[in-house]
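Okay, so here's the structure we're looking at.
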Amino acid sequence: MSAPAIYAVFGASGCGRSLMPIAREQLTRLSIQSQIYFIDDALNELTMINGHPALNYSAFQALEVQQKYVLIAIANSQVREKLAAKIQQDGMQLWTVQANLNVVMDQVEIAAGAALSPFVTIGSNVRIGCCFHANLYSYVEHDCVIGDFVTFAPGVKCNGNVHIADHVYIGAGAMIKQGTTEQPLCIGQGAVIGMGAVVTKNVPAGVTVVGNPARILNTNNR
Ligand code: UDP
């Protein structure tokens, strides 16, 4: 009979190698004794990375097990979306990984495939979509609504009543001013918030904002 379940971190570059210890810690916390693989398509053959077996997606797919759980540890949100669809089509589960040192308050809904790094805090009454990445020391305060494939770099401060659409990327140390119940502060789909930006008002979809107060980056001036 095949093993009941195996686990994998997809991506063996910076993001994946930083999330692997958190994934390992989670299995220990849950008393699950199972192997965690790295999956990376750049690999041609089975190898070892940081003490874990590492192989490409086809080789992982070929392993005979009843259930496979995969955390997509790749910062690029478009790649995460593509791989999430493929993994589920192939009958595997998206795996959510949370560090021991997280604080998650009341009535928080987090969809599958999230990665919550150490010292992340999620306030009360927050909804978060698929494959959210919250890197070290970032927080999401009360009543925020976060879409699918959103990425927070380390130290992002997202205050209360902020709505963030799909595929938004927020750079290290950026701060988002709080909105209100009647008028949440909204960040549009695919927007990029530069490192250290201080966002004080709504951000349209698809733009990049930088600075304090954050302003749209005029790409003609680069
Ligand atoms: N990768 C992959 N399959 C894909 C896309 C990416 O295995 O379809 C791997 C790629 O080979 C690389 C990692 O994902 O090792 C992404 O690493 P990168 O340094 O670009 O970014 P990170 O997300 O780790 O910051």
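First residue shown is number 1, and so on along the chain.
Note: Cβ is positioned from N, Cα and C throughout, glycine not excepted.
Bear in mind that the values here come from a model prediction, so they are computed numbers and not experimental data.
The annotation domain 'PglD N-terminal' is assigned in TrEMBL to 8-86. Taken from TrEMBL, the feature active site, proton acceptor covers His142. The site 'Increases basicity of active site His' annotation in TrEMBL covers Asp143.
In the predicted model, the domain 'PglD N-terminal' (8-86) shows an average pLDDT of 97.
When Cβ neighbours within 10 Å are tallied across all protein chains shown, the highest count among the recorded positions His142, Asp143 belongs to Asp143.
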